[in-house]
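See structure below.
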Amino acid sequence: MAPLGASPRLVLLFSGKRKSGKDFVTERLKSRLGGNICALLRLSGPLKEEYAREHGLDFQRLLDASTYKETYRRDMICWGEQKRQADPGFFCRKIVEGVSQPIWLVSDTRRTSDIQWFQEAYGAVIQTVRVVASEQSRQQRGWVFTPGVDDAESECGLDNFGNFDWVIENHGDEQCLEDQLEHLLGFIQAKL
């Protein structure tokens, strides 16, 4: 059930592998749409905040792309999975509390349970977006395969999801990416 007061016109659920460019794409869309129209939501935000609180860590440092975050990533994944097993909608509910903008971009959807929660809560306004990048492109962005991370559900949970409503190819061709974003922006603006 959707939290009270939350009635978005469109919720885009973004997913993709580490270093595929999910944050880059969603930040770009938000900058074009504006903060009064578009909310950028991260499921990892409340997860990292709660994990930092329970483990006495620096929450702000867990938010950046630092080695600090990478040091705790594997344990944080296991901890988050335990929370989700107890309550699959725990982190989903947290990120939508108090959001008033009509367009929501969820930048880090990682599991079918995340998608199911949003579909049950918001129905027809949900669109799934997969950001894909070649392994070579991801490596150029600093990705290195990490056992226990890149083969965990947090990275592979949507590999066999089926058909996404949108697929954004982010292999490093700026014009190709721009064309895809323009198409998606047209769809979003039609919902306003």
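Backbone N, Cα and C define each Cβ position, glycine as well.
Swiss-Prot annotations:
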BINDING   LYS17, ARG18, LYS19, SER20, GLY21, LYS22, ASP23, ARG141, HIS171, GLN180  ATP binding site
BINDING   ASN170  substrate binding site
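Look at the binding-site residues LYS17, LYS19, HIS171 and count other Cβ atoms within 10 Å of each Cβ; HIS171 has the fewest. Long-range Cβ contacts of the residue listed as 'substrate binding site' within its own chain (separation 6+, distance under 8 Å): GLY16, SER20, GLY21, PHE24, VAL25, VAL131, VAL132, ALA133, SER137, LEU177. Taking Cβ-Cβ distances under 8 Å and a sequence separation of 6 or more, the neighbours of ASP23 (ATP binding site) in its chain are SER107, ASP108. If you draw a 10 Å sphere around the CB of GLY21 (ATP binding site), it holds 24 other CB atoms from the protein chains shown. In this structure the residues listed as binding ATP are LYS17, ARG18, LYS19, SER20, GLY21, LYS22, ASP23, ARG141, HIS171, GLN180; their two most distant Cα atoms lie 20 Å apart.
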